[in-house]
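Annotated in TrEMBL:
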| type | residues | note |
| --- | --- | --- |
| DOMAIN | 12-299 | domain 'Sugar phosphate transporter' |
| TRANSMEM | 41-60 | transmembrane segment |
| TRANSMEM | 80-99 | transmembrane segment |
| TRANSMEM | 105-123 | transmembrane segment |
| TRANSMEM | 135-152 | transmembrane segment |
| TRANSMEM | 158-178 | transmembrane segment |
| TRANSMEM | 190-209 | transmembrane segment |
| TRANSMEM | 221-242 | transmembrane segment |
| TRANSMEM | 254-274 | transmembrane segment |
| TRANSMEM | 280-298 | transmembrane segment |
| REGION | 329-351 | region 'Disordered' |
| COMPBIAS | 340-351 | compositional bias 'Polar residues' |
């Protein structure tokens, strides 16, 4: 039993490390591509990610007979459409909002994703958090908001509204993913089913905002653009699979909590390794401290729940209510648990 628990802990640690590393590498690659290199076509880039995921996963998904896919889609098609549409809307609305909103305000609003996901989990999955979990999520969110605050929070009303709606869409995508994955839908088929939906939803945004500019950009940047699309697509498909697996193994709320901790970790590492300690103000220090306190409290509540789930259930007998002979038969995995008699010898008559 101890060896199994150790293996589970190691595998979960590897999964968390993969999730954080792939998340960070994808964000850094996208930031470099869209900002530094000048490939300013986020809708096209994300559409390529979705198309690549569908093509790569098709051979794996289609090993199952078509009848299996048809039965799954007949039962889960609403959830698949919701996840694909919410994913596309989250990306599209967030990218549009960045046109007329400061990055600081954008990050502050999106720091509320764990709380939004928690509320949606109550509405969609009827998962009610404990008081300790709620306090931990609010503390974590406030801490991240303080940590990313850079003093400039300007934004046009429409951009702020788009960012808010995009944040809700992100939480909804996470929540519906958790619901479908908890119903035995594997991560490969989930990504395979939702990719075309997201691609279809993103196509109008690309056609409206980026098509003409990309047609002029492509002839003089073929090699660089192809490299960016290919490398980021490979990173994206790996991240999408690990992200879905994280939700399946934990929950949508826990996955968003890890994402918030990643933000704080990157701030601290940049201060320690990149010489940005002078920019680390008292406000940012307090924010990081609050965020880590919230994460510690949330982790503590999850560990307690995990240990409680491992404890064997004990049936207590009340002397006032009668002896063991008065108990009704209990159904077990192998049938009925026979009624015990009041004589001690009956317990030793049979092996």
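Positions of Cβ are set from backbone N, Cα and C atoms, glycine also.
Keep in mind that TrEMBL annotations are predicted by a computer and have not been checked by a curator.
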So are the transmembrane segment (280-298) and the transmembrane segment (190-209) touching or not, going by 3+ C-beta pairs under 8 A with a sequence gap of 6 or more?
no
Top stretch among 41-60, 105-123, 158-178 for CB pairs under 8 A with the transmembrane segment (135-152)?
105-123
Quick check for me: are there 3+ Cβ pairs below 8 Å between the transmembrane segment (41-60) and the transmembrane segment (158-178), leaving out pairs under 6 residues apart?
no
Looking only at residues six or more beyond either end of the transmembrane segment (105-123), which have a C-beta under 8 A from one in the stretch?
94, 97-98, 129, 133-134, 137-138, 140-141, 144-145, 148-149, 152-155, 160, 163-164, 166-168, 170-172, 174-175, 178, 251-253, 256-257, 259-260, 263
